[in-house]
Amino acid sequence: MAEVHRRQHARVKGEAPAKSSTLRDEEELGMASAETLTVFLKLLAAGFYGVSSFLIVVVNKSVLTNYRFPSSLCVGLGQMVATVAVLWVGKALRVVKFPDLDRNVPRKTFPLPLLYFGNQITGLFSTKKLNLPMFTVLRRFSILFTMFAEGVLLKKTFSWGIKMTVFAMIIGAFVAASSDLAFDLEGYAFILINDVLTAANGAYVKQKLDSKELGKYGLLYYNALFMILPTLAIAYFTGDAQKAVEFEGWADTLFLLQFTLSCVMGFILMYATVLCTQYNSALTTTIVGCIKNILITYIGMVFGGDYIFTWTNFIGLNISIAGSLVYSYITFTEEQLSKQSEANNKLDIKGKGAV
């Protein structure tokens, strides 16, 4: 009898590790599936942002330069109104959710509405003033400013490789600018201000999303809502509203289509920016934007109509583009290695707990 009890006891002890091992395998499989889904969502968000960002630059350039629409402010105003209208209808139909307006909302959103307004208007002004290749190469400065913003606001650090590739992009931009025959001081000033505001906006969006107070739809809605009246007032007092009303192209169906698309794309780009920042990071969003700019650079050279070719400018553009590609590769590689290391640490901790 004693022998039988000993055998049963040994069998039970032998089964425990097997069960533990099975549970651990199931946990690893579940984590792997979740990680695959997360990577897919990250790529989807990044791709959505890249396509949206590409389309809005092309459409805005067509409206402001090809059709010579006189008011960048009114284009920005149209984008704000479209954003508020779409999200208001979405909330009424219960497709999206975000908190109702109360006296605490301005505090929760600040300073994002101001950054959003400045980012949008300076982006439109610089799109109008600069040819597409120089517009895109000067946007490389947004990566440098994003690094500073994330370092200050989010306490992030960056590797030597990242810093060197950013340096290469900036050098390329300086080389290209040194022989830009279509140089426009106003355009250069607007694009550099836009770079600073883009960096600050990306870092603050990440910070606000992490706090989970308003959510991505709330941030989009209130950013646009709070800046409609100030933008309308500025457009009225500067005479931009009058110029827009007197514009002769309103009878052109193709112009109307592109103007409407520009307004709607403003909302889509805002949503894509927040989505990409939420699933990835402010820096990744900036990287995707710069990769998109590579395509715009070459398209702008051939089809833009306002690019003046010089070898120095062309070489500078390509130095900056090469830096962008290497930078993107290093950043994504480092991010994946970091996440893999974190996942392995979690598995090790769970494995020890199971044993």
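A Cβ is built for glycine as well, from the same backbone N, Cα and C atoms used for every other residue.
Taken from Swiss-Prot as is:
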- 1-22: region 'Disordered' (REGION)
- 1-11: compositional bias 'Basic residues' (COMPBIAS)
- 37-59: transmembrane segment (TRANSMEM)
- 69-88: transmembrane segment (TRANSMEM)
- 158-177: transmembrane segment (TRANSMEM)
- 187-205: transmembrane segment (TRANSMEM)
- 217-239: transmembrane segment (TRANSMEM)
- 254-276: transmembrane segment (TRANSMEM)
- 281-303: transmembrane segment (TRANSMEM)
- 308-330: transmembrane segment (TRANSMEM)
Contact call for the transmembrane segment (69-88) and the transmembrane segment (281-303): at least 3 Cβ pairs under 8 Å, seq gap 6+: no
Surrounding residues of the transmembrane segment (281-303) on its own chain - C-beta under 8 Å, 6+ positions past either end: 46, 49-50, 53-54, 57-58, 131-133, 135-137, 139-140, 142-143, 146-147, 149-150, 154, 156, 169, 198-199, 202-203, 205-206, 273, 309, 317, 321, 324-325, 327-328, 331-332, 335
